[in-house]
Structures are given as structure tokens and as C-alpha cells.
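Peer 1: Okay, here's the structure, questions in a sec.
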Amino acid sequence: MMDLLNILMSESFWAASLRIATPLIFGVLGALICERAGVLNLGIEGIFVVGAMCGWMAVWLGAGLWGGVLVAALAGAFFGLLHAILTVPLGLSQHVSGLGITLFATSVSYFTYRTALPNVSSPPRIEPFQPLDLPILSDLPFLGPVLFQQTALTWLAIAMVGLVWYVLNRTALGVAIQAVGDNPDSVDAQGLSVYGLRIGAIVAGSALMALGGAFLTMSAFDAFFFGMVNGRGWVCIALVIFASWRPGKALLGALLFGAFDALQVRLQTEMGALVPGQVFLMAPYILSIIALVIAARSADYPRALLQPWFKGQR
Amino acid sequence: MIRIEPRANRSRAMDLGIPVLSAVIALAFAAIPLLAAGANPITAYGEMVKGVFGSVFAVSEMLTRATPLIFTGLAAALAFRAKLWNIGAEGQLYLGAMAAVAVGAGWLDLPGLLLVPLIVILGASAGAAGMAVPTYLKSRFGADEVVTTLLLNFIILIFLQMMLEGPLKDPMGLGWPQSAPILDQGMLPPLMERMRVHSGLILALVLAGVAQFMLARSVWGFRLRAVGENAAAARHAGINVKRSLFGVAIISGGLAGLAGVSEVAGLKGYLTADLSPGFGYTGIVVAMLAGLSPVGVVIAALFIASVFVGADSMSRAMGVSSFLADLVVSMSLLCVLVGGFIARYRIIRSGTGRAAS
């Protein structure tokens, strides 16, 4: 019990929680934007892989770190556009199209990586984002090490929470995006383009998802590995429901998940002799399912989610 | 202006032709990555064909590869027919495989006539249980089965590693995380001398036939299709939707479990954590290419297996990454999706001076 308290009081634990939460913040925000516009994007897992691979490769080829972030976002946007074309004007099954995008994006990334680097035993490394060591602020007790030694991408993720909240709730565009996910007919009646809004939301959301992947190769680690995304995208899909499609609760959900994951790693080292390590590895996924089960009953799904809409056809 | 309208009558030729065309287009698209990798596409396609049909052994390898894909393809096709999104075949496959080695690797020294059916039944039951859980969470709590089955795949894979380092670990395995081998009499017998193709293929083909018949001719099949096409209307017509979903969940999970049984008791003999290179996920592609028809699943599985075996052999001959096969598989899924759209709808251009009638 004392040990648990020590862990929860330690700066490194909370710093790790925020670090683990960062890719999930990007992913949940991205998925949230797509779903608010009425389209489920199961391409998220593959878009994470694309973001991780493209961002890393751009830096490796000399584009610079922010150049890599841009390339990752553009690559994510491209696969988002593909999903958008299939699901919005063509109105195809969002489930199957999303899974197709995940398979396609993953295999494109793996093939490209293998073709560019045919015979490497250990993956080449890049110089990743460094913690932003701010003078004075970094020396604050507790908060300093937790907040002010994160990399720039973590700050970008937190800023995105505010930006997405502002756009969705305080701008005409945001109101239109939410309306198109609830009642596309009314949006059409107002003379706005249902297709345009939905496609735009999916492309923007997918670009954000790719940043989550880019964080993995450019900040959390410094190289690309096969299988490194490891279900993070699917966790985001569960977290969106837990967050009832609200950016603030999405941040909270991602942080809770991050804290839980950081905790299981520490408990694993403390209690490794008593319980097999895999029990702890399983815990975050089980937690996601439990969160989903609790939230599902009261979930207030965007009313037109999963429903294709065709112009001139009611 | 462009308008989209459903076709009044869908042609049978289109239903059959579109999957074939999608597969061909996906293979043609593969020329782009081949060129990018610096390979001559014509030579590469030649190597692929040779790798699949060049010898009896090559064909038998293709059939070996198709066997688990028929099981997982059927698992996805039946569930999707009822609009139950079972994306968890990968995990259910491993549950089946774990049950197979748990009972078959020396724990019970029964004669083959008893042991083989026991392994098959327990493996299928384990897979079925793996799908029963998310289906229960769906009907009881409304938890989306897409997310729960996807997350369960990861949970089951970690559980598998725990078992392979713990209770299921082979004491003679030199420390490797692998199970003890299934007893000789518990193995599914091979079909040909010195080939790897085994009687799991026969089981898969029989089950595909049974599924086709049941879907088209039985009350069960009628209910399942009714639930999938319009759950509200089915409920109104007095069909117990929850029970129907549960029934198809059990069958779908069981089929995925059999894929694991067939791989471990038909092919490998012992269980490792890399038994399946994503057969569960590929099964979804197989089912979609098949238009969710059980007989179609067999044909689609043969095609996808050919792509994998052909790409493997081409990869060895020409040094192009074998991830090419995954590319072709995922592209055929996207192509068949678009093809399905063309089969269902027609695009009408109006206001271009010509009345669209």
C-alpha cells in the first residue's frame, strides 16, 4: 500500500502518464472529429502506423523534426481522404472501409519501410524531439518535472484539445460539423454541403490521428518498429465513446488511460515475482473494455453516425 | 449535377464478375509498388504464378494456406450477414489453438478416434466462448462489438504469451515459449504423402457446404438474413433478435476457433505466439471478396492464399518485400467495396442537356 502511494506521489509517474497519453490525445481528438461529422473511422490504427512511419522516414531523410510532423499529417490526411471518398459520396460500409484503410495503410507503410531499408538488423535512429526545458518553470516543485519536461508534441496535443473544443463549440464551422453528424438533411436544407463538411472533417481528423503515430517514432522512441502501434488506435475508438464525443473529456480519458498504463508498468516491477507480467500488460485493454461497457448505456451517439446520406434522397 | 440512384435490378453477372474484376485490378495495382521496388512487374507476376502453380508441391502449399482462411472467412461471412461485426477472429483462432494443445499435448492419452473429435470440439467451443463474451456485452450493455472484439484480440494474444511461458510451456522446449507437441494420434491426418496439406481442408470445405445450405434453405438461415437486413422488422415479425445474434456469434467464433485447431493440429503440431500471420483479419477480406457467400469464401480463400504463396516465392526469387502480398490483399478489399457500389447504384448525370430517364 505504501508502495502504491509512493508511486502516485512521484513526479516520474505523472510525467510518464502524460507521455503515454499524448498519442491517445491526438487519436481520440481525430476520431472524435470524424464521428461528430457522422463517420466512424476505423482506419485509425493504420493511420497511426502511416504517421509513425512517414514522420520518422521524413526526418531520417533530412526533413527536420517539424518537417516530419507535417509529412505525417499529410500522409494521414491522404488516407483519410480515401476513407472519406469511400464512405461519404459513395456511402459504403464505414466498418468495412475503415478496416480496409487500416490494412492498406499498414501494408503500404511496412512495404515502404522494408523496400527503403531491405537489410537492417537494428532500425536506424533519428534525433527525436527533446524535452522543452523551460527556465524557472522547469524548476517548479512537482509541476516542473511533470509538465515542463515534456516534448513539444505533448504541448501540441494539449493545445489541440483547446483548439478542437473552440472550433466545435464556438465557431459556425463547428456547429455545422456537429449538425452534419446529427441531421444532415437540415444542413443540406440550409444550403451547406453535407459532402464537403463530412469529407473535410474526416481529412482533418485523420491528420490528427497521424500525429499520434508520429509522436511514437519522433518523441516516445527514435525509430520505427513493426507492430509498434499495438492497438493504440482501437483504444482511441473506445475512449471516444467514454468521452461522449467531448474534447475535454477526451483529454481526461486519455490521461486516465495513460496513468493506468504507467501504473501497471511500475506495479509490474514491484510485484513481478508474485504475478506474471502479462496480467499487467493486459490490464489497459481490459480497462478500455470496462470503460466502454460503463459508458455504452448512456452514450449519446451522434444521431447520423454510420448512416450514409445521398443528395436528393430522403 | 451528378445523382446517385439504386439500380432497379441487380444483375447476377455483376454480382459474380465484380469480385473477380476487383481481384484482377488489385493485382494490376501491385505493379506500382513492384516498380517502386525496382522489379520488373511482368517477371514478378511470372514468378508468382510459378510459385503457386509450378508444381504439385506448390499447389499443395497454396491449399495449406487456404485452409485457415476458409475457416476465418466463413466466421466473418456468417457474422457479417447478421450485421454482427466480429473483428475478433484472430483472438478466437488462438483460443481454439490453446484449447487444442491444452487437451491434445499429452494431458489425455486417448486413442485418435476419440482424441481428434475432442480436440476439434473443444477448440471450436473455446473460439465460440471468445465471441460469446462481446456479444453478451453488446446485447446486455450496448457495448459496440467492433471495439470489444478488436481489443480482445490483444488481450488474448497477451494471455497466450502468459500460457506459453506458464502452464502450456513445453518442459522439453529448451526455454522457448512454445507448447508441447500434440500427440501423434491427435493430429489431423495429412492428405498427401510428403505434403503439408491436411484433412483440416476437408473439414473446412464440408463446413462451407453446410453453411451454404443452411443459409439458403433453413429457418435458421432465414432468421439470420432477416436480422441482418432489418433487425427492427425481424423483431416485429416475431424473431428473437438477441437469440439469433447469439446463435450466429457462437457459430462464427467456433469457426474461427477451428482455424486455430486446424493450424496447430493439422500443420504445426505445437503452438507458438506466431501461429497466425493475421488469418483472422485476412478472413474479413476473404468474406467481403466472397460477397458474404459461404461457397464464395472457398474461392476467395484460394485466391488470397495464391497471392500469399505466390508473393512469398516471388519475394525469395526477386528480393521484393513479401509485404507486397498484404498490399494486394488490402487493395482487393478496397476494390471490391467500390465494385459493390457500382453493382448497387448507378450514377446519373442530369442537367447536361440530356434527360436522365
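For all residues, glycine too, the Cβ spot is worked out from N, Cα and C.
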Peer 1: Among A:12-32, A:222-242, where does TrEMBL put the label transmembrane segment?
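Peer 2: Feature transmembrane segment in TrEMBL: residues A:12-32.
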Peer 1: Which sequence positions outside the transmembrane segment (A:147-168), separated from its termini by at least 6 residues, show Cβ-Cβ distances below 8 Å to it?
Peer 2: 15, 18-19, 22, 25-26, 29, 32-33, 36, 69, 128-134, 137-138, 140, 174, 177-178, 208, 211, 214-215, 218-219, 246-248, 250-251
Peer 1: Mind pulling out the one from A:12-32, A:39-59, A:65-88, A:279-296 with the most Cβ pairs under 8 angstroms to the transmembrane segment (A:95-113)?
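Peer 2: Out of the listed stretches, A:39-59 contacts the transmembrane segment (A:95-113) most.
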Peer 1: Can you work out which residues elsewhere in the same chain, 6+ from the ends of the transmembrane segment (A:195-217), have a Cβ less than 8 Å from its Cβ atoms?
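Peer 2: Answer is 22-27, 29-34, 36-39, 41, 43-44, 47-56, 68-69, 72-77, 79-81, 83-85, 87-89, 126, 128, 153-154, 156-157, 160, 176-177, 180, 184, 187, 223-224, 228-229, 232-233, 236, 311.
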Peer 1: What residues in the same chain, six or more past the boundaries of the transmembrane segment (A:65-88), come closer than 8 Å to it by Cβ-Cβ distance?
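Peer 2: Beyond its ends, the transmembrane segment (A:65-88) has Cβ neighbours at 30, 34, 39, 41, 43, 46-47, 50-52, 54-59, 94, 97-98, 100-101, 104-105, 127-129, 153, 195, 198-199, 202-211, 213-214, 218, 308.
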